[in-house]
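Just below is one structure, and these are the notes that go with it.
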């Protein structure tokens, strides 16, 4: 594998990273962040190695990578370290996919996209230093929610945040192509982080034809082998919003061919508990003709989304007050 350095964030992004850092830790963490963002320390290039980090508890495992809690030794800055073995990547024929993931994610700086802080490699492994999303995969929270689904305020907020992240990607000529709850992480403040850019593509001018992503989320143009553009992400957002509200994707079936058939026929069943506003958003995104799908800005400004976000904020405020009362009673 041929690996080359990638320019990372500029110092203009530092205030966002430092916003919640206590005063006594500001200077060491600032220096560490500057090294990560510019690969430049004390006037000479800085090359990170695994010796710069203390590896902690495992956070997760994928087909080609393991993720650990990690801490930078000098500043004690906490992060998630994704470790991939080069030999496994070669055997799986996914070297280009990993390099594309690094190249694309290192350039994306958005509050709802998981930040790649830096990366490095040695003879046998590639290391990705990522920001921490303490609550883990959104899929886990969906499966443990009442009736395996979120209520409408929570779904509306999450739909807004994913739409916001995707809109930023599209403005930077990036298509995600693999949107699903497993590829979205949740923070301790109930905010989402879009992650896993392994299937993403940088497409400034041309359309794509690669069939990729997750079966239940495939849009009609992919199923039919046609060229497609970034509107495939809008389709996937419609599937995601439906899964938030129902607990399963709309075209799920027992065979691949049956799933393809449902996708082609747009065979969507809306349960009775779903509001008219939610149906309108989902129906606007799940349109066979990609030109007819509502824009991501339309999603973010839709009354159902805006009203749901306000209700979710009220829910979280109420939960915070109740926790405060419980803590006060214990003390």
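Just so you know, the numbers here start at 1 and follow the chain as drawn.
Even glycines carry a Cβ here, placed using N, Cα and C.
Residues annotated as active site, proton acceptor in TrEMBL: 178. Under the heading ATP binding site, TrEMBL lists 63, 82, 131, 132, 133, 182, 183, 196. Summarising the annotation, TrEMBL assigns SUMO2 cross-link to 180. As annotated by TrEMBL, domain 'Protein kinase' applies to 53-305.
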- Note on the structure: Quick tally, other C-beta within 10 angstroms, 63, 82, 180; top of the recorded positions is 82
- Item | Same chain, 6+ residues apart, C-beta under 8 Å of the C-beta of residue 183 (ATP binding site), given in sequence order | 194, 195, 196
- Note on the structure: Largest C-alpha distance in Å for the ATP site residues 63, 82, 131, 132, 133, 182, 183, 196, as a whole number, is 21
- Note on the structure: Using a 10 Å radius on the Cβ of residue 132 (ATP binding site), the other Cβ atoms enclosed count 19
- Message: Counting only residues 6+ away in sequence within the same chain, which have a CB under 8 Å from the CB of residue 182 (ATP binding site)?
- Response: 137, 138, 139, 196
- Item | Mean predicted confidence [pLDDT] for the domain 'Protein kinase' (53-305) | 92
- Cβ neighbours within the same chain of residue 131 (ATP binding site) - under 8 Å, at least six residues apart: 79, 80, 114, 115, 117, 193
